[in-house]
């Protein structure tokens, strides 16, 4: 029998399949898993024994060679908005007579290439829409399996490099100095460094970064001192070392007028001076979270755990760069209610950074486990009821993503195919919340949180410092719970992993903390105009920030409220004055959806004064969906596009149907 595996639009490859070996790929195949459709899915995404597995988001082949270490020399040029660089890659051959390798690049100017000091021939291939351009290098000699070579590439980035955002002084808090930050996840490191830009390959790195003397550089590594640049006394060279092997998407750099404050024995918070003291207050519980995570998952191996608060245009809530978590300034709400974002990024120190998805098709291994660990930290620091409450909110976020993509969209699979798919386009809460839902379902089947956390900790210990597939994870799940294989065999794995839409099982979460939110939201939903006098300012006084977020989320999952209702809500609760970004975001969406025209400029202001995609994209879409303000949404976006992060502006362009290369609406 043969399985047909689609490789691209032009051809198919037949892979011979021995049915006897299918029972090796999966422990104790259930009846569901013996279906041909499930077998085809396994062949596509896993097959750990296959040597020709490829990363659909990378040009590099990780079967011929693997990068073991990077040594970076970078010069940051704020006048030209480029980084001039030299990278020395220590590459190990995985096969005999090895003489050619391919690196990922995107919009890089390649100046020269050498191997062990000898000039090496190189050529750039055809440019791909989102993967960039392959850099093919021919070594001047052959290597035997196990031998190393140092490949040195001199290069320069493009001013439009997708990993980098250059901010003018007026775009910063201080208004006096420029600022640079990187965001390499998922596949943007190649626009900053020529490399094997796949999460399947892990390496250590050292770096020296030359910057203007009035600025400070930090990286996702341990700081290793600084000195005056011997070639230019107006510049300083900062040194960094990252001895723990990590994937390229975790390389990160920030240059700006930065200050820091100590917030724990192994932690500092970094930001512009305008935010630094507020950030130190907001993140003062970092060490407690770190210790809680260590109790759950094992020792923290990265040494330093610093947090850097970025300028508002940073597109994500946080980014788990080792030694230096990036955080959005929208977390600085002043009430410590958004610390779950830091708990999430801390958790990535184990699930994501230490154990990594082998390709972006297995992204749920990073994010599902991280959400699970984040909520276990919340359970330890707050209560089990708090964990259940956060899980309920996550389920609604998953419903939102499924509704946005469409219930039949294959990108809502837990394990999607990313052949010819830009990973940025696939980004959603699906790998986070569908992944968590699967883990929570397994927790219930296997015996509760303590029992299942034992598996998660063991999984981390077994696969530490490596990259894994869903199949490797699943094989170990069956091995760890070998006495409960009969229960695991009853799980509909095909429905969970390879079927679009909501999960096949809806968990029954404890609603204790949600009951007040549900009751108040239902009261508003059912109220007639004559009932509005029954609402009081005190309705929300006893609700925590988390509960107020849940209250508004529940309303957003219903039909739009009458305009009279949201006006009354503002009169009583004064939500326009709330600066908590999670609350304000939901409130403004609710107002726009109810066609309160006064809320439109407030929504567009929030969409543009910060760049967190979780907020910016839905706010723009809500306004765009109002026929009367559709042109206004496009106009405001075009006015602010240049100040947005490249990933954000690209996705908002698609949301608003704006040609990304022009200033006109399609």
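Glycine is no exception: its Cβ is also placed from the backbone N, Cα and C atoms.
According to TrEMBL, the protein has these features:
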type	residues	note
BINDING	183, 184, 185, 315, 316, 317, 318, 319, 320, 612, 613, 614	peptide binding site
BINDING	344, 348, 367	Zn(2+) binding site
ACT_SITE	345	active site, proton acceptor
ACT_SITE	432	active site, proton donor
DOMAIN	512-656	domain 'Peptidase M1 leukotriene A4 hydrolase/aminopeptidase C-terminal'
Which recorded positions sit within 10 Å of residue 320 (peptide binding site) - Cα, from 344, 367, 432: 344
Cα-to-Cα gap, residue 185 (peptide binding site) vs residue 348 (Zn(2+) binding site), nearest whole Å: 13
Sparsest Cβ surroundings (other CB atoms within 10 Å) among the binding-site residues 318, 348, 613: 613
Residue 185 (peptide binding site): tally of other CB atoms within 10 A of its CB: 26
Tally of residues which DSSP labels helix, strand or coil - the domain 'Peptidase M1 leukotriene A4 hydrolase/aminopeptidase C-terminal' (512-656): 111 helix, 0 strand, 34 coil
Cα-to-Cα gap, residue 367 (Zn(2+) binding site) vs residue 432 (active site, proton donor), nearest whole Å: 5
Distance, residue 318 (peptide binding site) to residue 345 (active site, proton acceptor) (CA atoms, angstrom): 7
Neighbour count (Cβ, 10 Å) for residue 432 (active site, proton donor): 23
Residue with minimal Cβ packing [other Cβ atoms within 10 Å] among the binding-site residues 183, 316: 316
